[in-house]
Amino acid sequence: MTTVHTFSILLFFCSLFSASLIIAKVQHHDFVIQETPVKRLCKTRNAITVNGMFPGPTLEVNNGDTLEVKVHNRARYNITIHWHGVRQIRTGWADGPEFVTQCPIRPGKSYTYRFTIQGQEGTLWWHAHSSWLRATVYGALIIHPTPGSSFPFPKPDRQTALMLGEWWNANPVDVINQATRTGAAPNISDAYTINGQPGDLYNCSTKETVVVPINSGETSLLRVINAALNQPLFFTVANHKLTVVGADASYLKPFTTKVLMLGPGQTTDVLLTADQPPKRYYIAARAYQSAQNAPFDNTTTTAILQYKKTTTTSKPIMPVLPAFNDTNTVTSFSRKFKSLRNVVVPKTIDDNLFFTIGLGLDNCPKKFPKSRCQGLNGTRFTASMNNVSFVLPSNFSLLQAHSNGIPGVFTTDFPSKPPVKFDYTGNNISRALFQPVKGTKLYKLKYGSRVQVVLQDTNIVTSENHPIHLHGYDFYIVGEGFGNFNPKKDTSKFNLVDPPLRNTVAVPVNGWAVIRFVADNPGVWLMHCHLDVHIKWGLAMAFLVDNGVGELETLEAPPHDLPIC
């Protein structure tokens with residue numbers, strides 16, 4: 001009897017294993033990086049694209065699938081591809097940020113990214129992680145539930161990915177290179193886009209405006225992705241309610257809103273029901289700008305939600321969007337986010353970290369002419385975390401240096417707290433705090449460490465809403481607020497029951513956010529502001545997570561085709 005019972009159990013688990021092998025697939029894709037003529041705003045320029053497409057191809061996978069994407073670089077720039085939000089368990093070599101987990105793919109060379117989607121469902125995306133190439137090199141990564149399972153909400157009638165972006169008439173690489181030379185802020189974009197098109201509020205754009213079809217009574221799942229380089233964006237659909245059901249490939253307790261706010265890097269899944277008169281309605285996005293007196297693109301991009309059998313000549317209905325500086329709307333929106341179910345949040349903390357984030361000003365070096373110091377008052381713009389402006393290596397990637405024990409590439413003395421305590425959000429910050437030190441400093445974590453990070457915005461130069469993205473991990477946002485974080489007062493307000501699970505947190509302007517995660521993924525993982533101008537200025541750091549015990553807690557060996565520097 002016991003033998004038969006044991007055999008039955010073994011047979012059951014063997015069948016489950018076999019079924020999982022059948023269900024899980026390996027998808028193969030080729031990405032050709034190339035220059036492609038692209039016409040926008042009445043002008044044509046050569047843009048860097050994937051397979052000649054802008055935006056690039058949408059990849060659709062199931063939870064549990066493996067992706068193998070071979071990137072062929074036929075453009076003139078070095079490039080890498082980052083799979084934004086993918087956990088990359090033990091596959092850090094496939095994460096993508098240049099000089100962090102790999103050296104860039106040189107022109108004429110190729111590299112294959114291979115990784116498995118594990119325990120994630122929803123909307124993520126991929127993008128270039130070199131210079132400002134992600135202005136046009138990006139696409140959606142849609143993760144469907146494992147076959148046989150379903151959404152935790154009624155299955156929608158249709159699904160549409162909507163990628164919000166920015167467009168420059170000039171070459172974005174030239175834009176950031178000029179800013180780097182001069183020390184000034186880069187020129188702002190010329191338009192925002194939805195799925196690569198500015199929409200008919202811009203010149204020469206009406207015919208190409210994106211149209212999203214829908215039938216009366218249908219429910220559509222809109223997968224909204226902010227792929228803009230430097231701008232948080234409000235998003236809405238005229239006369240329609242949006243039911244938020246997910247963000248960053250994690251399910252949420254559904255809530256209804258009229259407006260979304262997404263920082264660059266963030267995704268939000270919403271259900272929209274076609275319950276209005278059958279007409280044409282604008283889908284619209286415009287800037288949320290929290291930095292005072294900073295120039296920004298104050299235009300509005302549109303697509304059209306078009307009910308079937310509606311005349312295409314009728315003028316779409318325009319929505320009301322919040323004012324560009326409406327932080328109250330942003331706060332009200334973000335505080336509605338809660339995980340779908342109660343979750344296990346780390347309660348005991350092993351590494352309690354406090355990171356200040358913000359801008360800075362470097363004094364003009366004596367050897368520099370004035371033309372290279374065009375920041376405020378003859379300085380050069382910079383940025384930092386805990387007063388350290390992050391510098392990428394150039395001869396080795398950080399992960400390669402760590403894996404091979406190469407000395408002199410980085411240090412592990414990134415500070416756990418700012419070197420000087422001050423009134424972080426005050427108006428009279430000492431000028432002595434404006435100039436950070438530069439370095440390639442990592443913070444070392446033991447495998448399995450329970451980590452809390454307080455992310456504190458500062459008013460150095462100006463306060464601003466910063467979208468902070470952590471590679472290789474999701475984290476729980478257990479609290480957020482305004483002013484200086486006060487552990488005695490604010491800790492008691494933490495949500496340790498059902499906080500949202502994200503990979504990018506919008507740290508409030510003149511405020512703070514607290515995240516928690518378990519360091520269960522060995523490797524070197526970048527944390528940075530997803531405003532690309534800020535990461536260029538040094539608003540970043542990296543965690544070095546040690547291997548654990550055994551193969552399943554150890555970083556995989558580097559692939560044979562890993563690019564060399």
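Note: Cβ is positioned from N, Cα and C throughout, glycine not excepted.
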Among His72, His127, His129, which residue shares the Cu cation 3 site with His471, His528 according to Swiss-Prot? His129
Select one of His84, His144, His560: the residue that Swiss-Prot places in the Cu cation 2 site alongside His127, His530. His84
Is any of the recorded positions His129, Asn377, Asn387, His534 within 10 Å of His82 (Cu cation 1 binding site) (Cα-Cα), and if so, which, in sequence order? His129
Taking only the recorded positions His84, Asn203, Asn325, which one has a CA atom nearest to the CA atom of His466 (Cu cation 4 binding site)? Asn325
Can you tell me how far the Cα of Asn428 (N-linked glycosylation site) sits from the Cα of Asn377 (N-linked glycosylation site), in Å? 17
Inside 8 A of the center formed by the CB atoms of His129, His471, His528, which other residues of the chain have their CB, for the recorded Cu cation 3 site? His82, Asp95, Gly96, Pro97, Val100, His469, Leu526, Met527, Ile535, Ala540
List, in sequence order, the residues of the same chain other than His466, Cys529, His534 whose Cβ lies within 8 Å of the centroid of the Cβ atoms of the recorded Cu cation 4 site. Ile357, Ala383, Glu464, Pro467, Ile468, His528, His530, Leu531, Ile535, Leu539
